[in-house]
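Trainee: Features from Swiss-Prot:
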| type | residues | note |
| --- | --- | --- |
| ACT_SITE | CYS31 | active site, nucleophile |
| ACT_SITE | CYS34 | active site, nucleophile |
| DISULFID | CYS31-CYS34 | disulfide bond |
| DOMAIN | 2-104 | domain 'Thioredoxin' |
| SITE | ASP25 | site 'Deprotonates C-terminal active site Cys' |
| SITE | GLY32 | site 'Contributes to redox potential value' |
| SITE | PRO33 | site 'Contributes to redox potential value' |
Amino acid sequence: MSKVIHVTSNEELDKYLQHQRVVVDFSAEWCGPCRAIAPVFDKLSNEFTTFTFVHVDIDKVNTHPIVKEIRSVPTFYFYVNGAKVSEFSGANEATLRSTLEANI
């Protein structure tokens, strides 16, 4: 069962960014690579239980200042104690996994 939280508002996103360890998947419904990496993101949410996994559809939550920074999808941001510690763009499972491992 997926532990991914699907954020639908700026307020929700702000709340989850304050968790101890967070990975945010910024994506869009129309994005093929986003759809391809989604099952991997779901699977990793069960493996890396110390992280809060958050999904943000940039077309639905599009007024948040962080979302306005996104230039390509999928983009993943990693936060520890409210501070961004890493990011990358692209549907790359190995990079996603290694970045999670580096921030445990």
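Cβ coordinates come from backbone N, Cα and C, glycine included.
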Trainee: To the nearest Å, how far is the Cα of PRO33 (site 'Contributes to redox potential value') from the Cα of ASP25 (site 'Deprotonates C-terminal active site Cys')?
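Mentor: With distance taken Cα to Cα, ASP25 (site 'Deprotonates C-terminal active site Cys') is 12 Å from PRO33 (site 'Contributes to redox potential value').
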Trainee: By CA distance, which of the recorded positions (CYS31, GLY32, CYS34) lies nearest to ASP25 (site 'Deprotonates C-terminal active site Cys')?
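Mentor: Sorting the recorded positions by distance from ASP25 (site 'Deprotonates C-terminal active site Cys'), the top entry is CYS34.
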Trainee: Within its own chain, what residues at least 6 apart in sequence put their Cβ under 8 Å from the Cβ of CYS31 (active site, nucleophile), listed in sequence order?
Mentor: VAL73, PRO74
Trainee: Select one residue from GLY32, PRO33: among these recorded sites, choose the one with the most other Cβ atoms within 10 Å of its Cβ.
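Mentor: Within the set of recorded sites, the most crowded position is PRO33.
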Trainee: For CYS34 (active site, nucleophile), what is the tally of other C-beta atoms lying within 10 angstroms of its C-beta?
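Mentor: The Cβ of CYS34 (active site, nucleophile) has 21 Cβ neighbours within 10 Å.
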Trainee: Taking the Cβ of ASP25 (site 'Deprotonates C-terminal active site Cys') as centre, how many other Cβ atoms lie within 10 Å?
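Mentor: For ASP25 (site 'Deprotonates C-terminal active site Cys'), the count of other Cβ atoms within 10 Å is 25.
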Trainee: What kind of secondary structure is ASP25 (site 'Deprotonates C-terminal active site Cys') part of, going by DSSP in three states?
Mentor: strand
